[in-house]
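**Student:** The structure under discussion is supplied below as structure tokens; questions concerning it will follow.
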Amino acid sequence: MADEDLIFRLEGVDGGGSSGAGRHGDSDTDSDDDEGYFICPITDDHMSNQNVNSKGQGYYNNLLKTECGSTGSPASSFHFKEAWKHAIEKAKHMPDPWAEFHLEDIATEHATRHRYNAVTGEWLKDEVLIKMASQPFGRGAMRECFRTKKLSNFLHAQHWKGASNYVAKRYLEPVDRSVYFEDVQLQMEAKLWGEEYNRHKPPKQVDIMQMCIIELKDRQGQPLFHLEHYIEGKYIKYNSNSGFVRDDNIRLTPQAFSHFTFERSGHQLIVVDIQGVGDLYTDPQIHTEKGTDFGDGNLGVRGMALFFYSHACNRICQSMGLAPFDLSPREQDAVNQSTKLLQSAKTILRGTEEKCGSPRIRTLSGSRPPLLLRLSENSGDENMSDVTFDSLPSSPSSATPHSQKLDHLHWPVFGDLDNMGPRDHDRMDNHRDSENSGDSGYPSEKRSDLDDPEPREHGHSNGNRRPESDEDSLGSSGRVCVETWNLLNPSRLHLPRPSAVALEVQRLNALDLGRKIGKSVLGKVHLAMVRYHEGGRFCEKDEEWDQESAIFHLEHAADLGELEAIVGLGLMYSQLPHHILADVSLEETEENKTKGFDYLLKAAEAGDRQSMILVARAFDTGLNLSPDRCQDWSEALHWYNTALETTDCDEGGEYDGIQDEPQYALLAREAEMLLTGGFGLDKNPQRSGDLYTQAAEAAMEAMKGRLANQYYEKAEEAWAQMEE
């Protein structure tokens, strides 16, 4: 068979072969037996099955030598070619699982196929021939599935018995046509992250099934269907978009993959709802920071919080340098129950796993794919760039109390990275095309009903007719793909970020205040944990919700610059009314008073007007002032002035106007302080009279005529003292 007759290139694979090809019903356990060859069971010679483990290990070692040494020899290339050709011959002679349904006898339909390129963000159109069963063979909460055969565009004759089996899915209830396109975008974006995960050489590689849209032009209304390959095997749901993990399906790889996507994307997204056959996944869900992409299943930071509440870091997470998410002691005890179950998983680490963000990995991080360009920029800084890690310290400094326990993760100190300029990156090796795509045929599960976001509209563009190759999400040519990726906004590079608060705090400490408050997605995740605890999501109906854990996450959110958390803790520790965790009251101690005032002062510096007034009054009257401070009218005057000038958005992006404290009242208090002097403030009758006049004018605007007259009189009295 000539090379050009293949629908994929014959070349060496980086750290593993095609994931998911040939997965079967036994794939619900992490067995290491199917990894003796990187080209999995379909290529195993029946004469060498007894030596598969030893030969597989030798093959793996030779592959490592090839990667680290020369670019490869003709002998090694020949080995790959023969293995792939052998696999193709075996695949050709496999029986058709749908032969009994005689789909070849169904009428042929013309369809327009829409495929999405996740790298360029473009939609491509071509024409295909299909045969679809009239009755569904499976039905879920939202969609139903139809057996389908699609004829390859490479064929010159219509040989339907040899056509590939597909699953066509459509929604049970009518939905906007844009929903179909949005679903494909989601799955192809998730496929990109699966490929990024595989570049870090995990023990088991993953793959997301290829999915496209077919438009049946000859039917009334030209209905749309999702189209995926059919894959035999046992379909398992490993986690959901609401953080649920089945105890009898505990596995390491799916959970580690979700955790990896959160850190590798710089906290901008997480891929969850992992389900499929073995490590060939379908119908995933992506949670993004704002939650405005990818339909109603995108729960935003709340979905991220739900995942980490139930996630127990496993040995794959540790081998890839993924930092554990901070949980309270009580939450950690609950997660430890899952940790015990993880001991039964059979995945064996090879010891060659790359750390997340390792300089040895030539990833596609030279620029952002369209999804990351669409996401909120809050998690990144304008001058931030993706730099290689070999010039950085291998462990964080001890600036925070939890730094020492994170040294083994080899995360760099982020404080010096946010203001660095772009650096040259090594070009990535040509990315191989993938023909591994399919589906278990299982209908999609219903998305979570936790949210009801505003509807989104996503259009699509038409492209030229493309060859039949079911290319992976990076396109049909690895070389073209990498060149295209590198052309996309090379100045906007993203850096992996750990899930640990201590390391995120180090990064934020290097930023100025305006770029620190409200800029951490990790802080928003911890704040979402607070809301879930307060709402009773993490407890049974007849149980009290965990107040200690809620305060734990509220403090972590405040440490990460979440203004709402900072204000809430300031009010809570100061024994003042607070809207977040309103039922929680803390003991009134000097230590808590100091904490409360420090939080309020931090919130005031961040632009929260209510906190400015509280701090000013504390310095003015001495009430609610921390024990280590004393009355200071000059400080009070400063914060009164700042509050008066604050009429726009604070650093958290929220608008806080002057309705809570009338402007004329603050001006009158300033005038009174300057008229009498004291507590470090010198008398200034002239300025006092001016402020009384401004207060009178503000009172007149507020329809307070009698009060305005009083202020005018006091202004005259102040100016009289100046003349004396």
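The backbone N, Cα and C atoms fix where each Cβ goes, glycine too.
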**Student:** Labelled phosphoserine in Swiss-Prot - which residue from Ser365, Ser379, Ser403, Ser688 would that be?
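**Tutor:** Record lookup, Swiss-Prot, feature phosphoserine, residue Ser365.
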**Student:** Test of record reading: of Ser319, Ser344, Ser499, which one does Swiss-Prot tag as phosphoserine?
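**Tutor:** In Swiss-Prot, Ser499 carries the phosphoserine label; others show none in the record.
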**Student:** Test of record reading: of Ser73, Ser328, which one does Swiss-Prot tag as phosphoserine?
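**Tutor:** My reading of Swiss-Prot gives Ser73.
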**Student:** Where does Swiss-Prot put phosphoserine, among Ser31, Ser437, Ser469?
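**Tutor:** Ser469, according to Swiss-Prot.
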**Student:** Which residue does Swiss-Prot record as phosphoserine, given the choices Ser19, Ser398, Ser473?
**Tutor:** Ser473
**Student:** Mind checking how the region 'Calmodulin-binding' (80-93) divides into helix, strand and coil residues in DSSP?
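**Tutor:** The region 'Calmodulin-binding' (80-93) comes out at 13 helix, 0 strand, 1 coil.
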**Student:** Across all chains shown, how many C-beta atoms besides its own are within 10 angstroms of the C-beta of Ser499 (phosphoserine)?
**Tutor:** 22
**Student:** Could you state the whole-number distance in Å separating the C-alpha atoms of Ser499 (phosphoserine) and Ser242 (phosphoserine)?
**Tutor:** 19
**Student:** Kindly assign Ser499 (phosphoserine) to one of the three DSSP-derived states: helix, strand or coil.
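**Tutor:** Ser499 (phosphoserine) sits in coil per DSSP, no helix or strand.
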